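Novice: Pasting the feature list from TrEMBL:
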- 60-101: repeat 'WD' (REPEAT)
- 103-136: repeat 'WD' (REPEAT)
- 145-188: repeat 'WD' (REPEAT)
- 189-230: repeat 'WD' (REPEAT)
- 379-420: repeat 'WD' (REPEAT)
- 424-466: repeat 'WD' (REPEAT)
- 483-515: repeat 'WD' (REPEAT)
- 525-566: repeat 'WD' (REPEAT)
- 567-608: repeat 'WD' (REPEAT)
- 609-641: repeat 'WD' (REPEAT)
- 662-796: domain 'U3 small nucleolar RNA-associated protein 13 C-terminal' (DOMAIN)
Amino acid sequence: AVAARVSHFSFSYAVSRRIEPFYKGGRVQVNRDGKFMFCPCGIKLNVIDIETGALLHSLEQDDQEDITSFVLSPDDEILVTGSRALLLKQWDWRENKCARTWKAVHVAPIATMAFDSTSTLLATGGCDSTIKIWDMIKQYCTHNLKGSSGVVHLVEFHPDISRLQLFSSSMDYKIRIWDLNSSKCVAVLSGHFSAVTSLAFAADKNTLISSGRDKICMVWNLKTGESKRTIPVYESVEAAVLLPENGDFSQLGVKNQGLHFLTAGSKGVLKIWEVATAACVFTQAVPFEPVESKEEASERSLTHCMFVPGRNQFVTVSMEHNIVLYDAQTLQLRKQFAGYNDEVLDVKFLGPGDSHIVVATNSPQLKVFELATSHCQILYGHTETILALDVFRKGLMFVSCAKDKSLRVWRMSKDGKVTCVAQGLGHAHVVGTVSCSRLKESFVVTSSQDCTVKIWNIPESLTSKAKAAFISSPETLHAQVTERGHDKDINSVAVSPNDKLIATGSQDRLAKLWSCSDCSLLGVFTGHKRGIWCVQFSPVDQILATSSADGTLKLWGLQDFSCLKTFEGHDASVLKIIFVSRGTQLLSSGSDGLLKLWTIKTNECVKTLDGHEDKIWGLHSNKQDDMVVTGSSDSCITLWKDVTEIEQQEAQAKQEEQIMKEQELSNLLHEKRYLKALGLAISLDRPHTVLMVVKAILKEIDGRKHLEENVLRLRKDQKEALLAFLVTWNTNSRNCHEAQAVIETLLKHETPDCLLQYSGIKTAVESLLPYTERHFQRLSRLLEASMFIDFMWQNMKLADASQQDDVTL
């Protein structure tokens, strides 16, 4: 087992998935069949697959300007976006292509857009107080409607296209009705005293319901242009949506026939209202604890709501950028997406099979993501930012700690639902780090900015599945042991694999070892030059690993507290470390967004992974030790897969294929099948082997002729590779003859236009010219020398002949 552990090293991790921000505010839209969701995110418009949560396309603005408004046509065919560059773009969103771009004519950004029911007319409302109507088929502006006051933030066509009416609202809180036949405002509906947020048309086409931030909804008779009823909602309303007339909404308190509508607003809960009585007939159950501050209330408020017939669901969007899908008949939560995570402060795998991850972002709420579907649970409980997490060994219970000086224990049920089962109070300052017991779910260790370490026992009632099912409210935990541990903030705490030791790391540059039973000090580790960010026990040896702001990692012996090894390579603070590969390697994360993989035995950094753009605060490996999750200040969560085995298999397969090809090449040369040999040598990317083949051809009888025949039969890409090779050959006087022979063939049989199409022809010619000139000069000097030798030889022959003649005489 030890041998197996030592032999298994990881050499590479690859990104298997990234959970990135896909929505940063604004209107969200779902297509007709309810399969795809469109979410604006800065300069991009992201198309999300609702079932899997996967990003299908990201429609990006060429002008790098933020998208201010977008709309999808009712037939799902046309998607139009407007940006701060005052341009409108029409997209073929399924193919991720921009079909056309045109000037918006507005002199300020577009705030809202709407299509008519036929998908042929587009209305744009601008920040310049004007409304433009566009004919999408003939591609021109048909109307320029003036008269609004301030930003036009709402436009809607009347569903009966024969009326050719457009409804709009701007900063004067009035609803204007425009007749498109005359291009005039034919009516003004006054009654709201704050911004009008939505318009809903009843099936009779003569009744309109408007909602506003003045905490009321108004019912209008469009025949008379007068208000039929004012319904006080007692909260700022962002959306009013009519319930479909053909649905069964008896579970939502709908008992009578007639109009009913749903409201979403500042309180963060959905309500059903009956128009006839102006009464609230249903209020959604509150998914969170009572609000304690105005800031929390604003975060939970809903900014948008719509009904999706294709899914028979309501979709809501919150100020926290969470997108939630509710069943239309029961308002039960069906799915939730977290559109924006803000700064990720910690992340851990969760669940028996590591099927989920729990994420602490820069907020008082925890997010639990189901990796298979991207469904996100929002966990309410803490009142201030959560700073750290840890998970018990079985993966069903975990602990969080926060700036509210508390810790909370959470439990996941079999169906994946997470609830808070315990709460601990006692620290005097922010609780910055937490660690769970390793063998059993028996205790939790926390440390805080008050420089103390606390041990909290977990009651058996929380760990027993049978008893835990009956917990109605969180139990209160009390610290069993409290010890002042350091002189400065404690940044990290860890429990040993046998639950007998505790390690702490602090800003005072010291790491300390404590006994778990009574929190007595056993030893101090000194050596780091700056504050310690993380401490971790080895899962297999009596070793402690520490990482520091001095950019180093150190391994310490638990027996004598001496430093065994120091790993240097990070150029910034090392924020987190974990043991991987069954304790034989370390994985570290830095404040520069880099991950480094270290082999302990050799002190070597075997891989540097660049997956983030900012500080990596969260780092955790799964139980099988083949996946790692990281969370960063850049709002991204990255899942990394150990691809060492895959890469080794690929390398082995490549090596075997290489050997087979080399054997085949040898056989081809032996059989003098030069064309195939030439092609194979080029595919192997072996310039020297190609040179050997060319030399072999030239040695044959009529070698030049054979070379010409073989070179001309090569494909264009093979000729391009041959050209690149002969540039190198030409630099050497030994191989220049073969290079010149191939050049001669190409120049004789390829037209100049054809040669100019070769990739790299310019650099090849520039490289060939000086060396060819040098070879020519060398040959010229050789020719001169040979002519001088011939002249001397001829003279010697003449002198010798004259002497013989003299002797004869």
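Backbone N, Cα and C atoms are what each Cβ position is placed from, and that goes for glycine too.
Keep in mind that this is a model prediction, so the values were computed, not measured.
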Novice: The repeat 'WD' (103-136): which same-chain residues, six or more beyond its ends, come within Cβ distance under 8 Å?
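Specialist: Sequence-remote neighbours of the repeat 'WD' (103-136) are 68-75, 77-78, 80, 82-84, 86-88, 90, 142-146, 148-157, 159, 161, 166, 168, 170, 178, 180.
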Novice: Do any residues of this chain, six or more beyond the ends of the repeat 'WD' (424-466), have a C-beta under 8 angstroms from a C-beta of it, and if so which?
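Specialist: Same-chain contacts beyond the flanks: 387-394, 397-403, 405-409, 411, 475-499, 502, 504, 506, 514, 516, 519.
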Novice: Within the same chain, where does the repeat 'WD' (525-566) have neighbours whose Cβ lies under 8 angstroms from its own Cβ atoms, ignoring anything closer than 6 residues to its ends? I mean 6 or more beyond.
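Specialist: Sequence-remote neighbours of the repeat 'WD' (525-566) are 5, 488, 491-497, 501, 503-513, 572-579, 582-583, 586, 588, 590, 598, 600, 603.
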Novice: Give residue numbers and ranges for long-range contacts of the repeat 'WD' (189-230): same chain, 6 or more residues beyond its ends, CB-CB under 8 A.
Specialist: 153-154, 156, 158-160, 167, 169, 171, 173-177, 236-242, 245, 259, 261, 263, 273, 275, 278
Novice: What residues in the same chain, six or more past the boundaries of the repeat 'WD' (145-188), come closer than 8 Å to it by Cβ-Cβ distance?
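Specialist: Distal contacts: 111-118, 121, 123-127, 129-133, 194-199, 201, 205, 208, 210, 212, 214, 220, 222, 225.
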Novice: Could you tell me how many residues in the repeat 'WD' (483-515) are helical, how many are strand and how many are coil under DSSP?
Specialist: 0 helix, 20 strand, 13 coil
Novice: How do the residues of the repeat 'WD' (609-641) split into helix, strand and coil according to DSSP?
Specialist: 0 helix, 19 strand, 14 coil
Novice: Given the model, what does the mean pLDDT over the repeat 'WD' (424-466) come out as?
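Specialist: Reported value for the repeat 'WD' (424-466) is a mean pLDDT of 89.
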